[in-house]
Amino acid sequence: MAAQAAPAEELSKLSVDETKPAPAAANGNDSDAESGDEEAEEGAAAPAAGAAKKKKKRKPKKKKKAPTSQSEPPRVLVSQLFPNNQYPKGEEVEYVNDNLNRVTNEEKRHLDNLNQEFLTDYRHAAEVHRQVRQWAQKSIKPGQTLTEIAENIEDSVRALTGHSGLEEGDALIAGMGFPTGLSINHCAAHYTPNAGNKMVLQEDDVMKVDFGVHVNGRIVDSAFTVAFNPRYDPLLEAVKAATNAGIKEAGIDVRVGDIGAAIQEVMESYEVEINGQMLPVKSIRNLNGHTINHYSIHGTKSVPIVKSNDQTKMEEGDVFAIETFGSTGNGYVHEEGEVSHYAKRGDAAKVDLRLSSAKSLLNVITKNFGTLPFCRRYIDRLGQDKYLLGLNNLVSQGIVEAYPPLVDKKGSYTAQYEHTILLRPTVKEVISRGDDF
């Protein structure tokens with residue numbers, strides 16, 4: 001930016017008086033008296049010049065421009081990239097059967113407009129998820145520890161929402177809606193490293209990356225799978241296609257059992273060749289999609305990923321996580337391994353806790369996570385230690401739910417893809433949809 005011109009009044013004070021006659025000279029030389037006068041004038045002019053220098057205006061500092069793109073790793077607040085809370089919409093998909101009625105119905109459109117705060121929070125959370133996961137897909141490489149990968153994702157989510165979660169109650173405003181699951185190979189879900197975990201991602205691993213982002217309790221739950229060996233591509237393609245089939249089938253008044261049938265048909269049309277053997281891709285029949293409630297990752301409705309007689313209907317206003325899991329193994333998972341995922345139950349009965357460590361930890365959980373899922377690393381970063389006995393007591397009392405890792409048979413490979421959808425009055429919005437999947 002160019003320096004601004006000084007005001008005319010300032011310049012008039014500092015300029016030499018051009019109307020005053022110059023002193024006479026004799027034979028080209030000044031007289032002694034004239035010389036003395038000149039010296040006096042020069043002496044007077046010197047401070048004036050100094051004053052001019054002092055009064056010279058400094059160049060105004062250039063204003064920092066607001067960022068227009070995301071950094072790598074992601075650290076720019078998403079709210080700065082989208083002024084006035086104008087976050088991108090998800091993919092809007094028309095309802096198949098009664099779409100015309102819903103789009104043209106004035107009452108339905110009015111209901112849609114009433115949900116602006118709800119939609120703004122969801123779209124904000126979805127944009128954070130998109131930006132973080134798109135960076136994660138580029139940055140995750142063999143040789144990284146799972147702890148490094150998880151913390152990179154979580155630090156990015158906290159930076160983009162503007163809530164570090166270190167002050168009491170801060171994580172309840174915005175941040176992680178579900179701990180970063182990094183489930184490898186035959187482990188399908190609910191694995192994240194606890195403190196001290198040294199596990200390293202290998203070239204031949206198939207890793208599910210499942211994490212949630214929330215803004216004001218509106219949780220966006222979405223997952224993808226990372227594999228570096230192209231032989232696993234058909235497995236990933238099967239699960240991605242099955243998830244999209246479930247999303248396509250979903251809608252108001254649709255029975256969840258019918259969605260499961262559509263998912264299974266697509267999923268099990270794929271095969272994958274591993275070590276010269278053709279293996280069918282199977283839907284993991286005891287894993288489901290689910291509704292998402294305010295500050296609660298699991299609602300009361302489930303969406304099977306196999307054909308089912310479940311007659312439960314999706315309803316207007318529901319928020320669903322449509323997630324599918326495919327496996328080269330049995331297509332059935334069981335609990336195995338050290339627990340890392342937990343959540344305080346919203347329906348827990350009031351219990352008189354006798355263990356002081358359990359009472360203290362419950363207070364920490366309530367004030368920092370509420371009913372949002374958390375993992376042990378989140379408790380560690382709050383400065384808590386020696387809490388495991390108290391945590392196990394809260395689980396045994398039914399106050400906190402533990403979510404152990406879910407595994408198929410050893411030697412098998414599993415994949416997962418997941419999106420969050422909103423069943424709005426006029427349209428189905430795949431809120432977490434991105435250019436990546």
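One is the number of the first residue shown, and numbering goes on along the chain from there.
Here the Cβ of each residue, glycine as well, is placed from N, Cα and C on the backbone.
Here's what Swiss-Prot has on this protein:
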- H190, H298: substrate binding site (BINDING)
- D221, H290, E323, E418: divalent metal cation 2 binding site (BINDING)
- 10-20: compositional bias 'Basic and acidic residues' (COMPBIAS)
- 31-42: compositional bias 'Acidic residues' (COMPBIAS)
- 52-66: compositional bias 'Basic residues' (COMPBIAS)
- 1-90: region 'Disordered' (REGION)
Least surrounded among the binding-site residues, given as D221, E323, when other CB atoms within 10 Å are counted: E323
H290, E323, E418 screened against H298 (substrate binding site), Cα within 10 Å - retained binding-site residues: H290
Listed binding-site residues (H190, H290, H298), ranked by Cβ neighbours within 10 Å, top entry: H190
Those residues of the chain, 6+ apart, with a Cβ under 8 Å from that of E418 (divalent metal cation 2 binding site): D210, D221, S222, A223, F224, T243, G289, A321, I322, E323, T324
Rounded to the nearest Å - Cα separation of H190 (substrate binding site) and H290 (divalent metal cation 2 binding site): 15
